[in-house]
Amino acid sequence: MPEGPEIRRAADNLEAAIKGKPLTDVWFAFAQLKPYESQLTGQLVTRIETRGKALLTHFSNGLTLYSHNQLYGVWRVIDTGEIPQTTRILRVRLQTADKTILLYSASDIEMLTAEQLTTHPFLQRVGPDVLDARLTPEEVKARLLSPRFRNRQFSGLLLDQAFLAGLGNYLRVEILWQVGLTGQHKAKDLNEAQLNALSHALLDIPRLSYTTRGQSDENKHHGALFRFKVFHRDGEACERCGGIIEKTTLSSRPFYWCPHCQK
């Protein structure tokens, strides 16, 4: 599943295609969304926001389209009038005079008012987004040490969207390698230097993935274009200490680590 940086880059592409342009045609596959087709035609997309792995498409009439790609959903940008060759099932089409954005295969799609945005179950549950520039390492540190999270092993905590939105498996692996920790640690057991390093890495690594294009090679995954240090590199030498990277399973997900320098 794509993680926060890939979702944000997808949102950037969608915004670049249609933001601020009048919608000339709107189509939804689901019956409960059909009444909104006429309401949105002629409106503008004002911005496309990410909350972790969810996308919020805001319209000039105050409505917001909530969508979560889950495992199979994917957005595409095409020239208006183009007919894509695909076997995917179309769910949403937002068309302007020159560009059209299409959502395929997703099933978690809703139209929300401004009030409903504040009470939506997923949006209420999800934690601060790691790509939100307003989120600071100090706030992350406080969250790590909060009663809710301080006793959780990092192997599961760094996959929990209620802790920080936008994290996922490759980010979990890379963050823990960066700070030299294994997934079995808990925030309550770290010293001050370790807490500070982890608090910064929890923001720095996702933001690096989002902002850089890095080396595009076999070490990329789901569009993550910065170079992996350990993810998918089992059997290779660790570039920090020369030890051999190993692969195991933590919290039911593949986990890559260097047993020589991650303690």
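Counting begins at 1 with the first residue displayed.
Glycine is no exception: its Cβ is also placed from the backbone N, Cα and C atoms.
As the structure is a computational prediction, the values presented were derived from the model and not from experiment.
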For this session: Would you please say which range out of 19-53, 229-263 has the annotation zinc finger in Swiss-Prot?
Result: 229-263
Problem set entry | Residue among recorded positions LYS53, ARG125, ARG253 with least C-beta crowding, 10 angstrom cut-off | ARG125
Seminar exercise, completed: Per the 10 Å Cα distance test against LYS53 (active site, proton donor), the recorded positions PRO2, GLU3, ARG125, ASN169, ARG253 reduce to PRO2, GLU3
Seminar exercise, completed: Looking only at the binding-site residues GLN70, ARG125, ASN169, ARG253 (active site, proton donor) has its closest CA neighbour at ASN169
For this session: Please determine which of the binding-site residues listed here (GLN70, ASN169) has the lowest count of neighbouring CB atoms within 10 Å.
Result: GLN70
Problem set entry | Intrachain neighbours beyond the zinc finger (229-263), with Cβ under 8 angstroms and 6 or more residues off its ends | 155-156, 159, 169-170, 172-174, 176-178, 180-183, 218-219, 221
